[in-house]
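What follows is one structure encoded as structure tokens, with my remarks underneath.
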Amino acid sequence: RRNTSVGTPFWMAPEVIACEQQLDSTYDARCDVWSLGITAIELGDGDPPLSDLHPMRALFKIPRNPPPTLHQPELWSHDFNDFISRCLIKDFELRPNVLDLLQHVFIKQTVGREKILQKQLIELTDLNQQIGLIEKTRHERIHTKKGGHLKMQSAADEVEDLATLEALDENIVTEQLQSRYSRDQIYTYVGDILIAVNPFRKMEIYTPQHTKMYIGAKRTANPPHIFAVADIAYQSVVSYNTDQCVVISGESGAGKTESAHLLVQQLTVLGKANNRTLQEKILLVNSLVEAFGNACTAINDNSSRFGKYLEMKFTCGGTVVGAKICEYLLEKSRVIHQAVGERNFHIFYYVYAGLADRKKLAHYKLSDSKTPKYLCNEHIKLGPDIVSNAFYKEQFDAVEQCFKVIGFTLEELGSVYSTLAAILNSGDIEFSAVASEHQTDKSNITNMSALENVASLLRIRSDELQEALTSHCVVARGETIVRPNTVEKAVEVRDAMGKALYGRLFSWIVNRINVLLRPDSQEAEKGLNIGILDIFGFENFKKNSFEQLCINIANEQIQFYFNQHIFAWEQDEYLNEEVDARMIEYEDNRPLLDLFLQKPMGMLSLLDEESRFPQATDQTLVEKFEDNLKTKSFWRPKRVDLGFGIHHYAGKVIYNAAGFLSKNRETLPADIILLLRSSENELIRKLVTHPLTKTARLQTLPHSKLTEKKYSELLFIYLFALFFKLFLQPTNCGDAPYHPRETTNMKTQTVASYFRYSLMDLLSKMVAGQPHFVRCIKPNNDRQANKFDREKVLVQLRYTGVLETAKIRRQGYSHRILFANFIKRYYLLAFNAHEEPPVTPETCAAIMEKARLENWAMGKTKVFLKYYHVEHLNLMVQLTTQRIVLLQACVRGWLGARRYRRILKEREQSALVLQSGRFLYQNTNDAFGRSEKQEAEKRASIEEEEEEKAAVVLQSNFRGYKERKKFKERKKTLAGAELELPNQKEGRDRANHKQEDVDDEDESTYEAEENNDSDNTEVPEDEEHTEVADEAVIQDAREEGHREDEEETKAATVLQSNFRGHKERKRLQEEGKIPAKKQKTTEEEESRKQEEEPDQDEAKAAVVLQSNFRGHKERKRLQEEGRIPKKQKESSAEEEAGEENVENPADPDEEKAATVLQSNFRGHRDRKRLKADKEKKVKEDAAIPEEEVDVSDVEIERRDEEELEKERQEEEQAAVKIQSNFRGYKDRKNLKANRQAAQSKTQEFEQFSKEVMSLQSMLGTILPTLRKLTNGCCFFYLKRSNSEDKRLSRTPRRTQQPKTLNTPEDSTYYTLIHVSARKDADRFEPLLFCFYSA
């Protein structure tokens, strides 16, 4: 039956289900026939019908679905199929009963064959076991729901989780723990709670390999381990962003402290501290604090004598950034007294041995031969047990190293040693009673050397210390009364000073550790915490005193918290959420806590009340307990005067009340406090200056809270108080000496009150986080390895509630999550990441079904899950997240690769852009300079060409004018020759001679042109072309030539001015500023026609005129030689020839001819000067009488001179006017040319500015990328260079992979950018200036 579906919803008949839902339904015994058919199908298929559905859903499907059949009916006989169909008739009234089924063929064939069939079944079973088929145990846990992931195991099998045991009882649990302990498997799960059995030896299961094994692993993937608890707490912090708390509990010697060390070790690895120094500090914190807070007891060599709550601080990303320690309930009474078989705190032995090894005992006033009283024990000797103990020396070095690594200064370390040595020396101060007639209660110090040592170490005056120890002040009605102390009172004051100094020193060390391990930023300080509670365990000695009472009360509080979280709160939520769950009975220790902590009738309240009565004794205290504590947990044992018994959760403990009142009072006299405040040791002053908190911890104000304003206010108050005390406070004039402790009045606190507040503070920290429990078990009392005491373990299992815990973990729901939180955590399992599913139970159910989880429950507002459900969901979320991260990584990798390729491309383009920018600037600069130069040269060349053209035209016009004038004169001369007298033949001959001179001059010009003589030097022709005249004719010709030269110069000036004026009028006429007018004279018409022609026509005209002139000379020479006949109308012939020549194409030597004409003109000026010199000589010779001259010639010449003079005057006036017009025209032309040049420059500069702006925008997009790629190394080294740089060729692309910018000298990009930039920086400087100015 255990391995079938009998009794489950799959087995129920339809009428039975309907009867539960409908009041009018009924059923009879035939419902068992239906169940028989279901069992037949299960035997055939291995599973009942609808086994893949949730049991509750199966209840709805069975009445609605048709009758089920075998999964593969063809594999079975017809009789078997028919038998099942007869059993599974839905209408129970038509269904046969059992008697009818016994007559079925399938049943009848088995009659008489029972043994044969049994044998066949046995053989089949053995065969299946040999094949290795897994035994079907799925229906073991079926009650009203289908099974989940939890598998029940029998006690004979090895289990790692006690909650999976089929049967739970004390013996089975103990056997499992013992079996695992024998195989060195010290860790076992009880649901989500870890049980750790102390092996009392080192084990090789805490190596780095094991550390890595439990990082982010599934809980069931590895054996149980303390590292798994650390990983679960860490993953919960990261996943849920909530504080976590690991509560380590167990009795003394069970291994709580070592478990706390291992948790811290694993959490520092998981937290991945940013620096190794912080990780080392956190790991050393426990060692340092335990040296001051742990001691050797009768049952534990390293027993914690205080409560330690270590908070490791993490960021939201899971990085450990700091730590903080909270210490509670230090057993300060151990400083002055230890029970038999126990020792003082470890630090005293470490310091004593370490200072002795370094030969510094004398410096700290410690004896090397006598054991201090506070360290005395009947079993301890100073030499071999302390000074010569190698372990103590090693521990001293380790503690000193811890101080240094954490951050303590050498001065602080020396002050700590001095304080510890002062405490040890103070125990050696002895008192004796001073007897007298009137006073017998006065005490005196017998060994002043010990007093001097203590005063020297505390840096106070010895006489004041003696007075504070042997007397005390009482203020009554405004008067101060000094009373001596008895020996007992003096010893009490001495011990109170030692306990107070040690307790405050321990608290100061913890505060300093917290300051040095505090997170750097305030945001990190507000992060998440994982708290680790390591508190003294439950103790039950032969003699239990006030310290054991406090320790056991604290353990009662821890057990109450455990019960509340595991049982009470969980079962309350079952009721509130209306979830059907079986209630688990457990031992509730709430009444016992009320016995201790209730006000005003609790044990601690009664203790405080009794402590306030001066005449109270320990006997009166016990009697008060008996009178007021009327519960079953308290009793008075017989034959024990000061004893009383408490029935704790862990068992019965008998306490001895001797010393309860004195230990509870533990008040430090005001005299001692004021004396220590005057110490020259800064640390001692701090210890007694800072107040104590309600939990007996030393309070320190953070420096950040003490602002400058507040500091100035405090300084002012202090100075005012000092002034008032020194000058305004009245003083007593009596004989009584000044006593600095007269005005002290302090409100005392008891140890019980400190204890109560400490428990409240500790519980508040534990409740703030999600708890994880580690139960430590002590296998034996002898502290021997591989020894398992069943009775000892069983007792611990009982009082820790392990059995009840296993039951509630198996049957209950340890995780109860609100709908909103559940959907927020796990919606990725069933919904897309961008979806926001509604906060409804249906959404939660969809997630659970998607995760294929079973055996969960749904409440009103919460989802109830088993402890293994949460782990399964977390792993699924982690797997989903890893897949998402992998997908994102692939996409980001692809995007990064594409981005990288784009960056490489942009880098190459940017390099090209920068180079092109440099070259663009260079080319632009060169082009700009060249354009200016070319423009200037062009303008100069145009002006030169215009001037040359104008000069050529003027020269040609002048020569034409000159030739026409000569022609007219000749014509007149020839016409007058017919009327002249025969004696005028001589004058004609002179005229002919003059004309020959002119011809000679023209011929010389022609010869100079042909000989390319720029100086117009005449070259003599052949003799046949030379004519000889007499001296008179030559002289007359010279005079006439001189006059002609002057006339020619004036005429040239007039022609030039006319030409310039004509050009200006032409321009104005073209612009439409003046109307066009007709010219009257023939010469003006000819010049207008010539000016209207293009400049090219003017040049052609000049060439034509020159050629006409040359042709005229040649014809004249040939006519004189008689080779060709003379023509009368020479001028008309010349004009016709000129017109014909105009039509002819230009001679290729026109420019050469123009140059020759210019050189002829210069030669003409030189000859003019030469003629002027000759004219002077002629005038000088004129005074000498000559031969008679013909009067008619003189008259004709004079008349010609007058006409010429008149014409010359008119021409000069016109020339002046034309020159002025031409100069104005030239100025206006230059102004217009300058304006056009400026406009062209402006356009060029605008175009250049646009190019610079475009280059700037391109560089603006490229430079940030360059800075990122080069890590800020993209800079320009500007250096002026006067030499012209050559353009660098582009660096070819490399065939190998490009190097990174970590070695810029080798990178292609660096070569493209930086090297070229350094070489051509002078060309980039103006461009960069535009860049950064923009």
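Cβ from N, Cα, C; glycine included.
Not measured: the values here are computed from a predicted model.
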*Per TrEMBL, the range holding region 'Actin-binding', considering 230-252, 575-597, 759-781*: 759-781
*Compute the mean position of the Cβ atoms of Gly250, Glu251, Ser252, Gly253, Ala254, Gly255, Lys256, Thr257, which form the recorded ATP site, and then list in sequence order the other residues of that chain whose Cβ is within 8 Å of it.*
Asn198, Asn300, Gly537, Cys776, Lys778
*Cβ atoms near Glu251 (ATP binding site) (within 10 Å, other residues, all chains)*: 24
*Which residue counts does DSSP yield for the region 'Actin-binding' (759-781) in the helix, strand and coil classes, in that order?*
9 helix, 8 strand, 6 coil
*Could you break down the residues of the compositional bias 'Basic residues' (1162-1171) into DSSP helix, strand and coil, giving a count for each?*
10 helix, 0 strand, 0 coil
*asked:* Can you tell me how many other Cβ atoms are located within 10 Å of the Cβ belonging to Ser252 (ATP binding site)?
replied: 21
_Averaged pLDDT, computed only over the residues in the domain 'Myosin motor' (157-878)_ = 84
*Determine the Cβ neighbour count for Gly253 (ATP binding site): the number of other Cβ atoms within 10 Å of its Cβ.*
24
*Cβ-Cβ under 8 Å from Gly255 (ATP binding site), same chain, 6 or more residues apart: which ones?*
Ala196, Asn198, Cys776, Lys778
*Give the number of CB atoms, excluding that of Thr257 (ATP binding site) itself, located within 10 Å of its CB.*
21
_Given a separation of at least six residues and a C-beta threshold under 8 Å, show me what packs close to Ala254 (ATP binding site) in the same chain._
Ala196, Asn198, Gly537, Cys776, Ile777, Lys778, Gln796
